[in-house]
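These notes are about the structure you will find just below.
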Amino acid sequence: MSEQKKVRLIITRQEGPENNSYVEEFELEHRPNMNIISALMEIRRNPVNAEGKETTPVIWDMNCLEEVCGACSMVINGKPRQSCTALVDQLEQPIRLEPMKTFPVVRDLMVDRSRMFDSLKRVKAWIPIDGTYDLGPGPRMAENKRQWAYELSKCMTCGVCLEACPNVNDNSDFIGPAPLSQVRLFNSHPTGEMNKAERLETIMGDGGLANCGNSQNCVQSCPKGIPLTTSIAALNRDTALQSFKNFFGSDKM
Amino acid sequence: MAENREFMNRRLHSLLGVIPIGIFLIQHLTVNYFATRGAESFNAAAHFMESLPYRIFLEVFVIYLPILFHAIYGLYIVFQGKSNTKRFGHFRNRMFLLQRITGVFLIIFIAWHVWETRVQAAMGAEVNYDMMADILSSNFMLVFYIVGVLSATFHFSNGLWSFLVSWGITVTPRSQQIATYATVVLFIALSIVGMGALLAFINPDLANI
């Protein structure tokens, strides 16, 4: 029998949010159809590094395991992506795993993506339908528009586009591509449209839409293929019109 | 309005880069191009620009103030970004980095260029073909000017592409792609004009015409 194939992992680790990061190497037995999650599970089962020394298990975040929740995002061989769909056989070895450092690192590969959820609240990324009485059915949405909007709704707040964006970092308070695209999604909904101006005003504020530098990294790296730069350009048009309305117009909306 | 200061500054920055700075760049390169017809043609064209009425107001409002705002706010934008072309090496991300590199270089180049020509003129020097021929007789300055002019034509062409996106004119990927082709053509055309003028200043045959 031929010698067992090995998988080499170089993982950037960090004890906690305040600690310095360090690199630790691991060597695992190769199994067919392995993905990064199953490799990390193997380390968790037997936390021994490549030098044969016992170590703490590597911490990471995961949930759905089918690339719809966005929790397991990390930087794999330099590219931010989901670790559940990163197949070991398709990756160049040694495989380098790093946390998405655009976000605060909780521990090892686990990051805190709270800022994205705060952004969604900030731009009111929902359809307000609650009232003290039955508001009745809203206006209908055309089927072709629904199909188009579905593509934008695939966003899973995974944080890959923020990690890829050169303008999202600690020198800038740019909100990032994902919540901007959600503004376009909810502004195009017949009921959501009723709060269109409010959402546009929000992204015209500090750290908003105007911070985009058009590097287009977001659209290149989005795992769901969301047309993020098209959303941004469309919002550029909407906010330009909104600013003209605000300045020259008299009707408030 | 006041609460949207950043939004307004960004849009103003984008607009000023095209109008009036971009228009001025084209006009400036066109006047320079008269040098390819000889020293006398260039001197006549430069003299015409010099003798425009209320020139100082034109200079202040069409050139100095817009360029100052564009340069200072542009530098602020540069410091907000963290380039990552090593990890993401596709075309637009490289343009993003190049736009910032040329922008910073242009601050140095334009500062020097204004000192060497406009400030010297204010102190009594005459701006003419001989002045430029004299400056460009040094190989170092020739290279400095070639890089400076190419930076300017690139920064303007690529900036025009960003302007079209930032103002929501080109929204679809297809229109942005076509805008890329159009601005590449513009970059090449303006660069030919700019280089033609620079080489004309070091051509001894043209100095006496």
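For all residues, glycine too, the Cβ spot is worked out from N, Cα and C.
TrEMBL lists B:12-34, B:54-76, B:97-115, B:135-157, B:178-202 with the feature transmembrane segment. According to TrEMBL, the feature heme binding site maps to B:His28, B:His70, B:His113, B:His155.
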Using a cut-off of under 8 Å between C-beta atoms, tell me which stretch among B:12-34, B:54-76, B:97-115, B:135-157 contacts the transmembrane segment (B:178-202) the most.
B:135-157
Just how many other Cβ atoms lie inside 10 Å of the Cβ on B:His70 (heme binding site)?
21
Can you tell me the three-state DSSP label for B:His113 (heme binding site)?
helix
Other than its own, how many Cβ atoms are within 10 Å of the Cβ belonging to B:His155 (heme binding site)?
24
Would you list, in sequence order, the residues of this chain other than B:His28, B:His70, B:His113, B:His155 that have their CB within 8 A of the centroid of the site's CB atoms, where the site is the one recorded for heme?
B:Ile21, B:Phe24, B:Leu25, B:Ile67, B:Leu106, B:Phe109, B:Ile110, B:Ala152, B:Phe156
Would you call the transmembrane segment (B:135-157) and the transmembrane segment (B:12-34) in contact, using three or more Cβ pairs under 8 Å, pairs 6 or more apart in sequence?
yes
Around B:His28 (heme binding site), which residues of its chain at least 6 apart sit with Cβ under 8 Å of its Cβ?
none
